[in-house]
Amino acid sequence: MTSTAVRVALRVRPLAQREQLTNCTECLSFIPNEPQILIGTDKSFTYDYVFDPNTPQNDVYKKAAGPLLDKFVDGFNATILAYGQTGSGKTYSMGTGLENPADTENEGIVPRCIIDLFQSLEERAQRSADFKYEVYVSFLELYNEELIDLLNPHTSHKRKNHSSPGHNSMSHNNNNNNIPAAAEVTIREDVAGNIYWSGVKEELCTSPKELLGFLEKGSLCRTTGSTDMNSVSSRSHAVFSVILKQQRPQEEAENHDRSSSPLGATKKLQSLTSKFHFVDLAGSERLKRTNAQGDRAKEGIAINAGLLALGNVISALGDESRRTAHSDPHAGLCVAC
Ligand SMILES: Nc1ncnc2c1ncn2[C@@H]1O[C@H](COP(=O)(O)OP(=O)(O)OP(=O)(O)O)[C@@H](O)[C@H]1O
């Protein structure tokens with residue numbers, strides 16, 4: 001793991017057609033081989049990675065997300081957050097937008113991670129008969145301060161009927177009157193200070209195809225709406241979580257940590273659970289610029305409140321003096337678009 005808990009990648013998207021037609025011009029310049037950008041001539045900003053508008057999806061994945069996947073398979077928790085203004089390319093970068101599933105060249109971070117995850121697990125299973133694994137998935141949406149389980153038709157149905165006029169019409173289903181009440185999704189803290197959620201469906205997946213199917217199913221249920229800045233704007237924060245339960249020989253775990261193994265050691269098995277959270281945040285927005293009114297404006301206020309709280313958490317994680325309270329092995333990356 002690198003020495004910092006949070007790393008930041010900046011990705012700049014190409015100008016959209018609408019921006020080109022209104023004569024918008026690039027105001028950023030890039031310094032070759034340096035993770036730096038310049039605004040105008042005098043203001044420079046440095047990040048852990050910078051990706052210019054010509055950077056292909058695969059490069060973003062390999063450089064920014066690939067190392068986290070390796071850590072995840074080693075048993076560490078990892079999170080990737082996509083943060084940025086509405087319309088800046090968060091959903092595109094994460095690959096949760098289902099633009100064209102056949103267009104593999106343009107697929108984003110999540111589908112690429114899923115494919116490489118299973119490949120890496122298969123390789124480990126072939127190397128050692130003692131290596132066993134199970135992969136689970138959950139998909140949550142935080143919409144207007146309410147948690148919705150996107151893989152549970154009961155909770156997503158309840159929300160659809162009560163509070164989401166901007167809901168993606170593709171997922172609309174009018175014929176669910178007999179669906180029984182579902183468990184509420186809640187976030188709790190245990191006595192040890194660990195945060196966990198309850199009432200969330202975790203589905204077992206045995207192949208990338210199955211896992212991608214859940215990504216597609218949940219993405220179809222996500223709340224989207226049209227604003228002046230993005231015709232298909234995500235109006236919620238979405239958390240796609242992959243949970244890896246593995247049993248592996250202790251020696252292998254020690255080899256990873258210390259690159260050495262005592263000769264003749266008896267094989268002990270170690271059980272580990274790690275989680276990889278992929279978070280596609282709703283866009284930070286100025287209500288004036290998105291021209292949001294009514295429900296869109298209410299959503300915008302909830303979105304900004306959530307992002308403000310998240311900003312406080314990230315500053316706490318980045319502050320060495322406050323980080324000691326968080327002892328979980330955790331690697332994080334924030335892709336700011
Ligand atoms: N790097 C890129 N290359 C090409 N097209 C891009 C890129 N990034 C984004 N786009 C396009 O820009 C548009 C807006 O992107 P996207 O929907 O991902 O934004 P967003 O940040 O998720 O917005 P919101 O917060 O409103 O949901 C989409 O049509 C997307 O295909």
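The backbone N, Cα and C atoms fix where each Cβ goes, glycine too.
TrEMBL lists 5-337 with the feature domain 'Kinesin motor'. The feature ATP binding site is assigned by TrEMBL to Gly84, Gln85, Thr86, Gly87, Ser88, Gly89, Lys90, Thr91. Residues annotated as region 'Disordered' in TrEMBL: 155-178, 246-265. Annotation source TrEMBL lists compositional bias 'Low complexity' at 163-178. What TrEMBL records for 248-259 is compositional bias 'Basic and acidic residues'.
DSSP assigns Lys90 (ATP binding site) to a helix in the three-state reduction.
With a 10 A radius on its CB, Thr86 (ATP binding site) counts 22 other CB atoms from all the protein chains. Counting other CB atoms no more than 10 Å from each candidate's CB, the binding-site residues Gln85, Ser88, Thr91 peak at Thr91.
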